[in-house]
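This report refers to the structure that appears directly beneath it.
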Amino acid sequence: GRMWAYTVGFTVLPHVGGFLGWFLNRKEIPAWYEKLKKPSWCPSRRVFPVAWTMLYTGMGYASYLVWNDLGGCSSKAIVPLGLYGAQLVLNWAWPPLFFGARNLNMAVIDMLCLDGLALGTLCSWYRINRLAALLLLPYLGWLAMATCLTIRIWRDNPEQESGKSE
């Protein structure tokens, strides 16, 4: 019965930071984000919660598979789960940087570091559990789009680069 609890815990964990990021910055979306110049291919606001729910669920379950295959928090788990944890922290840091601080420079830097850590996570997981690595592919695809979007918004809204003007 305990494995069920671990499965749920690992699967839910990414949603915690994602929900907090949305909750703390939700007022900035209509107040600020909607006014930014965005490319025509920018997804609708309604797509983001659906996409992130699926992506966080996939990556969370994948992290459980890796943790389980490595026998829990063993020395072998330090690098693969450390990379995962580090990329998750950068993932959670993006909304406060982008929406909260309105710091497009830091949001771009965060996103580029996040991309590298997420790719490193996938590579380290591939040797441990192929399904876990495959479950990260939609996330990496979404991050590629999100990176391009963040860079485009940063480039097309130069007056916003220094953060909040209030």
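Cβ atoms are placed via backbone N, Cα and C, with glycine included.
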When TrEMBL is consulted, the range among 26-45, 46-65 described as transmembrane segment turns out to be 46-65
Count, for each of 6-25, 46-65, 77-94, the Cβ pairs lying under 8 Å from the transmembrane segment (134-154), and report the range with the highest count. 46-65
